[in-house]
Amino acid sequence: MVPMDSHSPVTSFSSLNSYFRALSDTPNRLARRAFSVSTSFEETNRVRARSGIEMKRSLRWYDLVGLGIGGMVGAGVFVITGRASRYSAGPSVILSYAIAGLCALLSAFCYTEFAVDLPVAGGAFSYIRVTFGEFFAFLAGANLIVDYVLSNAAVARGFTAYLGTALGVSNTPLRFTIHGIPKGYNEIDIVAVAVVLLLTLVICHSTRESSWLNMVLTILHILFIVFVIVVGFCRGEWKNFTEPKSLKSHGGFFPFGASGVFNGAAMVYLSYIGYDAVSTMAEEVRNPIKDIPVGVSGSVFLVTILYCLMAASMSALLPYDQIDPDSPFSVAFKLGSSRWRWVSNVIGVGASFGILTSLLVAMLGQARYMCVIGRSCVIPSWFARVHSKTSTPVNASAFLGFFTAAIALFTDMNILLNLVSIGTLTVYGLPYRTRYYYF
């Protein structure tokens, strides 16, 4: 897409002729705007005015804490914990979560500083735009939008799998296969589409009500997690922290040594992805200076404690060399006596709530990224419009919601997750470098 000049009253997308004229002038515009930086004043005043109606400032610190926890504590922790313990850290995966949590907290501090100084909905896109210029901001923004859409589609398909676990059936009856289409794209998931479209309606209607829905779902999810933690400690044995099942496996709390702890930390860091979406809500916070630091940092701190307790509970349930890398908690309870097997269904219910909260927060974040990118006129300014009645970016929310649902309909989760990884690493590293030049 071709951006417009900041002084031009007509955008490149106002008509087909305007677009072709702008397209022919691409080399000049690129040279003029690629490394031109914006300012905090422009972002919070002139650029934000392109949305028309302002977003309503209705969120407080506890809303941000709820959104942060909801965005991070998804179903992924039920899988990543087992994989990190079995192959990398063993029982010391507890320390892996603590180290990863510290790293996530440091990154959250960077997002907090920027969000307080620049309280707009653009998140990393706006931070990079005022530091390195529009070209790097566009690369970051494109990565962010693609990552959000693909990861949300993957999470939505994951909801179907955990819903099947909660109902005590496989996910096969909830999907149907179309023969003749390449494998990986032939399983049609109507449940995932329905979930995405329903949440799209919620976030279009009201940010405040979206926050309350997230709060309710997050509380229910945490109650399920606390239940699993308590049952895990009651049923577990302390010897499992140091004694493997097989004599061929390394024993002790650090079976893979210090390197295993850090390898595990690198693996479980994915469980903390989601706090960055909270920074995109800065424009809708009543008191950004007070509420944003408490909301972002507080949510990361609480999630770290919760993850460490989950890792400890899992390590108590089974020796690390018996932990299933794909479904550690569900399999741990199924391996025991029959009176504990119903807990695996409870895990499916809790994970389903976690998927809904993480999906809701991510969809809120992706819409606000698209809205601010539209304000920069790199894409049509139609995406930047804020609805007069709902005070939400309805156009961006609806477009991305339908696009996410379309991908979730037929694309396999593993294909989507492989596409997400590179973009996520690129974008998460940029705020560190941006902070160095900005402050």
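Glycine is treated like the rest: Cβ placed from N, Cα and C.
The shown structure was predicted, so the numbers you read here are calculated from the model rather than taken from an experiment.
Among the residue ranges 158-176, 367-385, the one that TrEMBL annotates as transmembrane segment is 158-176.
Long-range neighbours of the transmembrane segment (340-365) within the same chain, counting only residues 6 or more positions beyond its ends whose Cβ lies under 8 Å from a Cβ of the stretch, are 67-75, 77-78, 123, 148, 151-152, 155-156, 158-159, 162-168, 195-196, 199-200, 202-203, 207, 210, 213-214, 217-218, 220-221, 223-225, 227-228, 231, 235, 274, 276-278, 280-281, 329-331, 333-334, 397, 400-401, 404.
When each of 61-81, 188-205, 392-409 is checked for Cβ pairs under 8 Å to the transmembrane segment (296-320), 61-81 comes out on top.
In summary, the transmembrane segment (188-205) lies against the transmembrane segment (392-409): three or more C-beta pairs, each 6 or more positions apart in sequence, are under 8 Å. Ranking 93-114, 212-233, 253-275, 392-409 by CB pairs under 8 A with the transmembrane segment (61-81) puts 253-275 at the top.
The list of residues near the transmembrane segment (392-409) in space but at least 6 beyond its ends in sequence, with Cβ under 8 angstroms from a Cβ of it, reads 51, 55, 121, 145, 148-150, 152-154, 156-157, 188-190, 192-193, 196-197, 199-200, 203-207, 363, 366-368, 370-371, 374, 382-386, 416.
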